[in-house]
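Report on one structure; see the data block that follows.
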Amino acid sequence: MGVDFGPGSSFDPTLDELALLAESAGDAPVARVIARRKAPDAALFVGSGKADEIKFLVQAEQAHGVIFDQSLSPAQQRNLERHLGVEVLDRTGLILEIFGARARSHEGKLQVELARLEYLSTRLVRRWSHLERQRGGVGHRGGPGESQYELDRRMIEQKIKSLKAQLVKVKRQRNTQRRGRERNGTFRVSLVGYTNAGKSTLFNALTKAGTYAANQLFATLDTTTRQLYLAQAQRSVSLSDTVGFIRDLPHTLVESFEATLLEATEADILLHVVDAASPVLLEQIEEVQRVLQTIGAGHIPQVIVFNKVDALEPHQQPRHSQDVYELPDGTRACRVFVSAIEGQGLDVLRQVLSRAAIEGVGPENWPFQPSGHAIPVHNLTSDMPEAEPSLAGDPFINDAET
């Protein structure tokens, strides 16, 4: 279920990503509903007419739940469940379910549990609303419902405090490891990108690590670090695979995964992996850039890795293996085209990393210019190539003269 609130709102007209999230959580979507409103309905988010339409679909399809692509308030979620007669989840709740099922390491489980409890703490009134009727008449306070609510609230607050303390220890351990790498002069590379862009597949292709990789959202939640030997540089660098980003990533998750996301903030260079075959890759690039700014990693030099070029049509194939890319904020970065699953372009990527490890990535030499004169590549968001892309209008800009 998605609602279009007009210009400036976060809205996916296809609901494809929400469907993928649902499938990643083990659900099977049976119908999609779109609504258009100027503002959310305070009680039902979508209004009574659209809620009745959803209820009819639920009964016709024998669905066991409804998932909203936007965040619902506790009251809206409670009212919708009463109206529809089935479980209602919003985008945040769905992502938390996936994270809870995928976390494997002790650190990952701590982070997911913290985010889950912080989300749950705002919905306690929903869980115990059936007891509020037991409080009695006017002037009677502190009945069973209220006492249970207060008890649960205190228990959750204590658990959140304990989890945060444990994650502080994790952060200290990471800082100790980071200082050790700094003393050893280790060049640090972190993989970042939108979820399902192929980060873990690329990580495995470069390091032969054999970490879990799958064509699903949030296949990787735990940070994995391996040494990558670069023959051209005659040295090893530290390469880390991190959790993927997604549109409207819940703020509680960003905060809870601070220890994991620190891996990106401490890198010397970021490999920003992009699904070159995605029809919404521009939006995904912008979302990753926004999250990087949020966590304090927006200033770190990036190599933009356009992955999955094997999935492109022949007329969409890039003309070069490397060029210069202009990010949404106007800064430029090296861009390399690869297919991690087929090994295409990996040698070029290793060469870029080798040069970065040898020469550094200071403002005086970054981004590295590709050898020869780079000419415009095809616009990967269109079936037709762009004849003369401009710096301002074409996000797939090479270092072409204008």
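Each position is counted from 1, following the chain as shown.
Positions of Cβ are set from backbone N, Cα and C atoms, glycine also.
TrEMBL has this to say about the protein:
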COILED    146-173  coiled coil
DOMAIN    187-361  domain 'Hflx-type G'
BINDING   193-200, 218-222, 241-244, 307-310  GTP binding site
BINDING   Ser200, Thr220  Mg(2+) binding site
REGION    383-402  region 'Disordered'
Query raised in the report: What is the interatomic distance between the Cα atoms of Val243 (GTP binding site) and Ser200 (Mg(2+) binding site), given in whole Å?
Result: 9
Query - DSSP state at Lys308 (GTP binding site), helix/strand/coil - result: coil
Report summary line: In the three-state DSSP scheme, Lys199 (GTP binding site) belongs to helix
Query raised in the report: Which whole number is the mean pLDDT over the domain 'Hflx-type G' (187-361)?
Result: 87
Query raised in the report: Which of the three DSSP states, helix, strand or coil, fits Val243 (GTP binding site)?
Result: coil
